[in-house]
Amino acid sequence: MRAPLLLESRDYLLSEQMPVAVTNRYPQETFVEHTHQFCEIVIVWRGNGLHVLNDHPYRITCGDVFYIQAADHHSYESVHDLVLDNIIYCPERLHLNAQWHKLLPPLGPEQNQGYWRLTTQGMAQARPIIQQLAQESRKTDSWSIQLTEVLLLQLAIVLKRHRYRAEQAHLLPDGEQLDLIMSALQQSLGAYFDMADFCHKNQLVERSLKQLFRQQTGMSISHYLRQIRLCHAKCLLRGSEHRISDIAARCGFEDSNYFSAVFTREAGMTPRDYRQRFIRSPVLPAKNEP
């Protein structure tokens, strides 16, 4: 198996002293699996796509945030009008006496440590900081180098204050419409999602919410739910021994035949063939061995 492409710091950071850079992806195209000599913060502003991080697939859209370590490997697939910012930084070049280890997860080896969502308010606060950071990181004077680190710290604090786990949006004091619906969908991977009931409980207008969701993500609510269910199915196919019919049920598909048809259409292969890709073949002994 070929090693992933390595992205080098010198190709993205203006000098060996500059700690931070911003790469705008307007839009983000399909990008092969790669790793880095630096760390990244990825913030998604619009559109959607499939982000595969350390072999874990995520259907990403507006408000998703990833903290990516240098040794992580990831790729972008099936992108549709995907707009995001990559904030690149080298931890060894940061000199401010800040609690970076608390501000920039992942904090441990657990899966999904690097995946968060950002509130609408947090996105509004982060955007101008990133714009200024992009400007300063293109300069080489000592003051700009120091200012980029200050701006990175400011951004890290804003993200810390306004990030949340997708399944915990209901704990936010003032849940925005998009935050609430994203949380509800994440909790409906294996169960029926009643849109009318959700809107009634949260005092939302269904038609307006559907329009807002499509405007921000580039897809309908039902399509997004189907996509994140398929991502969950891929994880189970790769990392569990559950029967395909059980996986279908765990991912909200009552009919395993329908699940297989949808999966095949989206992935270009059957669930069984997809699973086979991640099963290691046994090493056969040489012919002269007993």
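Each Cβ is built from the backbone N, Cα and C atoms, and glycine gets one as well.
Swiss-Prot lists 179-277 with the feature domain 'HTH araC/xylS-type'. Per Swiss-Prot, DNA-binding region is recorded for 196-217, 244-267, and the stated evidence type is sequence analysis. Taken from Swiss-Prot, the feature site 'Interaction with sigma-70' applies to Asp246.
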**OP:** Report, as numbers and ranges, which residues of the same chain sit near the DNA-binding region (244-267): CB under 8 Å and 6 or more residues beyond its ends.
**Re:** 188-192, 225-227, 229-230, 232-234, 236-237, 274-275
Original post:
Quick one: DSSP breakdown of the DNA-binding region (244-267) into helix, strand and coil?
Top reply: 19 helix, 0 strand, 5 coil
Subject >> C-beta crowding around Asp246 (site 'Interaction with sigma-70'), within 10 angstroms >> reply: 13
Original post:
Given the model, what does the mean pLDDT over the DNA-binding region (196-217) come out as?
Top reply: 92
**OP:** Work out, from DSSP, the number of helix, strand and coil residues along the DNA-binding region (196-217).
**Re:** 19 helix, 0 strand, 3 coil
**OP:** Could you tell me how many residues in the domain 'HTH araC/xylS-type' (179-277) are helical, how many are strand and how many are coil under DSSP?
**Re:** 72 helix, 0 strand, 27 coil
